[in-house]
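Peer 1: Copied straight from TrEMBL:
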type	residues	note
DOMAIN	5-83	domain 'Amino acid transporter transmembrane'
TRANSMEM	34-54	transmembrane segment
DOMAIN	103-408	domain 'Amino acid transporter transmembrane'
TRANSMEM	105-124	transmembrane segment
TRANSMEM	130-153	transmembrane segment
TRANSMEM	225-247	transmembrane segment
TRANSMEM	267-291	transmembrane segment
TRANSMEM	328-348	transmembrane segment
TRANSMEM	354-373	transmembrane segment
TRANSMEM	385-408	transmembrane segment
Amino acid sequence: MVCFTGTVWTAAAHAVAAVIGSGVLAVPWSVAQMGWLFGPLALFTFAVVTYYTARMLADCYRTPDPVHGSRNYTYSDAVRACLVLSKERIVFHQKEPNADCKAKVSGNLFMLIYGGVEILLSQFPSLEKITILSVVAATMSFGYSFIALYLCIEKFASHHDLKASNLTGVDVGKNDISQSTKVWQSFQALGNIAFAYTFANILIEIQDTLKSPPAENKTMKRATLYGIGVTTAFYLSIGVMGYMAFGNDAPGNVLTGFHEPFWLVDLANFAVIIHLSGSFQVFAQPIFTVYEKWIASRWPPTSFFLHVYTIKLPFPRPCLFQFTLCKLLLRTLFIILTTTIAMMLPFFNAVLGFLGAISFWPLTVYFPVTMHLSHSKVKRRSREWMMLQSLSMVSLLVSAIATVGSIIDIVHRLEHTKLFSAKL
């Protein structure tokens, strides 16, 4: 019998570790593109939409009854139970501030090292087994977020003037910014913010770690409120202070805008690495589960899938490393693929914006809304039905324009950059 031990606090830690990721570093740039009027408004709007749809998704963990129904262990299981089975159709530095850029070292080696670490961490059997990793990752996210916020406040205080005074963001004509470039960058900023709130695709997996009573959906709704609430507070604080400190010149990664004190900036970057090591696993574990089940269902049971190999590690305290050939091979190949793509396209803002744009509408809005309509048997053309369909259509439009803006930026960067040319 499986023992579920998760609480509202472990679930909130998983949520914060997943949500507050590298996206927080692009928030000041995103606010700078849209200005005082639309920047904070966009952050708050995405937070409200994410929380609202997450509440609906939490009720789909069990079906048909949200409290006593059968469990859905993954996001895809919930979609299948709520939509497919009910016959709904689914269409789917240390360098000086002015140092020569040629002196920068290649980032490919560091990406390879990071990929190697993720291969080891990927051998954990399930999300429930990496709770401590998620807690450490959440702690690191607090750490570098506070450091970035402090550095922004310190930079603004040292200037004694407000660099950001434009209600609509970056000025057209400044730094050769054309009207079309401003529009596309504003669209890309929406994608960055959408990426910063990526959460729905792992909500069911997090909820599957919770003990009951109380009912898992009630606990998950509280955890979601805490997680998104903390996240939004950080995003608004860093976005506003970063824009005040840098104005229209806010960097894509806010930490790259600081050169001193070296030790503090390096500490923040180290915290980012530790956090991403954990959050990568939080997002990857559900993907591992889906494709491993899919492959196993199409092949007869063999030792490749079932036999567990055990290696005793030479540590002072007894420690065993267990794995199957299926997990060792398939998870390693997945991480090699993602690492290779990261080395080919080292465009921080553009890639974040693209990933956020293409995932926000289907994962955060469309499926949760459609599942809720089916699960709760909401009548067509009722007030609730019309409101939720309108929300879905507006979100689709936002995702579409953010995708276009990000693709245009990626294409522009590829014209001036060689593949595998990441620099630190």
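Any Cβ shown, glycine's included, is placed from N, Cα and C.
Those TrEMBL annotations? Automatic predictions, nothing curated.
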Peer 1: Mark yes when the transmembrane segment (354-373) and the transmembrane segment (328-348) have three or more Cβ pairs under 8 Å (sequence separation 6 or more) and no when they do not.
Peer 2: no
Peer 1: Applying the under-8 angstroms CB criterion, which one of 34-54, 267-291, 354-373, 385-408 scores highest with the transmembrane segment (225-247)?
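Peer 2: Out of the listed stretches, 34-54 contacts the transmembrane segment (225-247) most.
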Peer 1: By DSSP assignment, list the helix, strand and coil residue numbers for the domain 'Amino acid transporter transmembrane' (5-83), in that order.
Peer 2: 58 helix, 5 strand, 16 coil
